[in-house]
Amino acid sequence: MSFASWGNALYSGRKSYRFIDNRKYLLIAGAALMLISVLTMSVLGLERSIDFKGGTEFTVSSVAGRDQAPAQKVVNTNPKLKGSSVNSVGASSIRVQSVSLDVTDKRQVVSDLAKAYNVPEAKVAATTIGPSWGADVTYKALQSLVIFFVLVALMLWAYFRTWTMAFSALFALCHDVLITGLVLALTRVEISPATIIGVLTILGYSLYDTVVVFDKVRELSVDFEQQTRSTYGELVNLAINQTLVRSINTSVVALLPVTSILLISWITLGGGTLRDISLALFVGMIAGTLSSILIAPSMLMVLRSRTEKISTHTQKVLEKRAGGSDQVEGKETELSRVAQPLKAGHHQGQQAQPKRTPRSKR
């Protein structure tokens, strides 16, 4: 079966993956990953950049190669640099980050690094960021996340007119943030402003993916209680299957350039801003795609299945199905079909078109 045929089979309901039937296992797996992420970040911590924790940063440019040994030797011989980190930046720069140093100590470190790499002192840049500035940047980053979540909740509630979809989407977004944090904690990649930009970007991407799925759920479940062919859960499952190909295609297309940037920045350039933002995008896009397919609809079904309207209709459908009411002319109807299947050429777009006056009557 070709990819196109597979997609057509999923859309028509001839082929279906039972995501909703396994919703409890999917939610347990998602919650377990979220718990592991929280524990890992609590134990290992996140490697914050100097922008968040404050300190002094030395950058040695025009270095032949990316040998960190000379800089590491300077760090080891200077007690004021205890606990400092040494990293390669780009193809010809070395970065040393330490605690805040006074003017005299900074001059000494600049001189030592210049001698270690045999470059003029003008090639060694020193920048100091105070702890108050770092705390302010951290506060602003957390504030931006909180504002994003609040606006998302209000927008989804206004758009779908139900709190269950808003809560399910927020739960999926929390899943994406924590999974991204887990990978950042394990890889020890610094949390920089570029990383925060990447996280906010993938939250928007994940939200868009989830809204597409939920919009399809709303489309298929319009007046669903007036039919007894499919339960609400089956309609939600059909919505996931109908948007599955679109989600895969969108994710693959989006991941191709991000993967290229990540590999080039990590292998060739040795890190830096490109690596920070591309790693967050890479992990977040994968987590966002999975959460929009597996986590958000499953949470939606768990919340809505407890309502009287859904439970009563489900019981009614199952009773009629058990009594053989779904048999038509000796053939079993496909229970995964939509309540009101679309026909070719029959949609709001064509219905809304104005009728043309016949040429003979013009």
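For all residues, glycine too, the Cβ spot is worked out from N, Cα and C.
Listed in TrEMBL for this protein:
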type: COMPBIAS; residues: 319-335; note: compositional bias 'Basic and acidic residues'
type: DOMAIN; residues: 115-304; note: domain 'Protein export membrane protein SecD/SecF C-terminal'
type: REGION; residues: 319-362; note: region 'Disordered'
type: TRANSMEM; residues: 25-46; note: transmembrane segment
type: TRANSMEM; residues: 141-160; note: transmembrane segment
type: TRANSMEM; residues: 167-185; note: transmembrane segment
type: TRANSMEM; residues: 191-208; note: transmembrane segment
type: TRANSMEM; residues: 248-267; note: transmembrane segment
type: TRANSMEM; residues: 279-303; note: transmembrane segment
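Listed as Cβ neighbours of the transmembrane segment (167-185) (distance under 8 Å, sequence separation of 6 or more from its ends, same chain) are residues 30, 33-34, 36-38, 40-41, 44-47, 145, 149, 152-153, 156, 191, 195, 199, 202-203, 206-207, 210-211, 214, 279-280, 283-284, 287-288, 291-292, 295-297, 299-300, 303. Same-chain residues lying 6 or more positions outside the transmembrane segment (279-303) and placing a CB less than 8 Å from one of its CB atoms are 19-20, 23-24, 26-27, 30, 164-165, 167-169, 171-173, 175-176, 179-180, 183-184, 187, 189, 195, 198-199, 201-203, 205-206, 209-210, 212-214, 217, 232-233, 236-237, 239-240, 243-244, 247-248, 250-251, 254-255, 258-259, 262, 266. Sequence-distant contacts of the transmembrane segment (248-267) (same chain, six or more residues past either end, CB-CB distance under 8 Å): 205, 209, 274-275, 278-279, 281-282, 285-286, 289.
Cβ atoms under 8 Å from those of the transmembrane segment (141-160) belong to residues 52, 166-167, 169-170, 173, 177, 193, 196, 199-200, 203, 207, 211, 214, 218 of the same chain, restricted to positions at least 6 beyond its ends.
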